[in-house]
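If you check Swiss-Prot, you get these features:
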- Lys10: active site (ACT_SITE)
- Pro93, Val94, Ala95, Ala96, Gly97, Leu98, Ala99, Gly100, Gly101, Ser102, Thr103: ATP binding site (BINDING)
- Asp135: active site (ACT_SITE)
Amino acid sequence: MGIRLKAHGKINLTLDVLDRRPDGYHEVEMIMQSISLHDVLEIEEQSKEISLTVSGISVTAEEDNLVLKAARLLQQVAGTGAGAKIHLQKNIPVAAGLAGGSTDAAATLKGLNALWGLGLSQEQLRQLATQLGADVPFCLAGGTAIARGIGEKLTTLEPAPPFGIILVKPSFGVSTAEVYQGLRLEHLGKRPNTEAMVKALKERDLGQVARELANVLESVTLRMHPKLEQIKEILRQIGCTGVLMSGSGPTVFGLTENREKAAELISGLPQAGCHVLAAWMV
């Protein structure tokens, strides 16, 4: 008997970088939001071996895939001889700022904990998730949350309204490490106001949510890839209420009042050289 799980992507409604730590990581404060766009993992038990196959968007099934890393970490920590055959249907663009790899790792931890009957608590899984990447703990929890530390310290918020989202992922990827290297903490632009964004979400005020969108990494990635500014402008022109880059990029998203509006507006968007999708907050 196998298990089938959805692994939802995320966007950042705010992203602030507070400090650089001695270990090279950065202290952040950000509001993260799960979105309807998701990968699908199908997991079946087999003896000892862990194998991975992938369909959909092309990604490596080699050892550096976070699905395999998560499975092997759980296998090692649990001391189990059980294995798993994992199939990943990849729908979330890679190197996009949408946590595509992180959410697959989180779903793997969740799925194998159930399949192998390990009985690990959510907190135990969260500690393992932190070892796999800064976005993995949020992806494990999902929903709407403030993330602090390197992203592992989560404060769950009330679920956000199901605002519509248009996602535009250019053909190029972006290295998160390079973006952070290009960040100058003394020269940050608009800083997010976390409290104001939380209030806007609670009041379901799309206009105010749009005004509070802020990501201090955006200016760095825009310098590297000026085309992103053009994409932002097009999203504004077709009627998106607010526009921002997610994570370290390069995906840019536009907000609308609901999923139907996102689907309607997307028809007016030129798609040349970009991966364009309509989604909503979940």
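Using the three backbone atoms N, Cα and C, a Cβ is placed for every residue, glycine included.
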Other residues, Cβ within 8 Å of Pro93, Val94, Ala95, Ala96, Gly97, Leu98, Ala99, Gly100, Gly101, Ser102, Thr103 Cβ centroid (ATP site): Gly9, Ile92
Neighbourhood of Ala95 (ATP binding site), C-beta criterion under 8 angstroms, separation at least six: Gly173, Val174, Ser175
Assigned element (helix, strand, coil) containing Lys10 (active site), judged by DSSP: strand
Cα-to-Cα gap, Ala99 (ATP binding site) vs Lys10 (active site), nearest whole Å: 6
Entries of Pro93, Gly97, Gly101, Thr103, Asp135 which, being recorded positions, have CA atoms within 10 angstroms of Lys10 (active site): Gly97, Thr103, Asp135
Gly97 (ATP binding site): tally of other CB atoms within 10 A of its CB: 30
Where Thr103 (ATP binding site) sits in the secondary structure, as DSSP reduces it to three classes: helix
Chain-internal residues, separated by at least six, CB under 8 A from Gly101 (ATP binding site): Asn65, Leu66, Val94, Gly133
Neighbour count (Cβ, 10 Å) for Asp135 (active site): 28
Distant-in-sequence Cβ neighbours of Thr103 (ATP binding site), under 8 Å, six or more positions away: Ala7, His8, Gly9, Lys10, His38, Asp39, Ile92, Asp135, Cys139
Cβ neighbour count within 10 Å of Pro93 (ATP binding site): 22
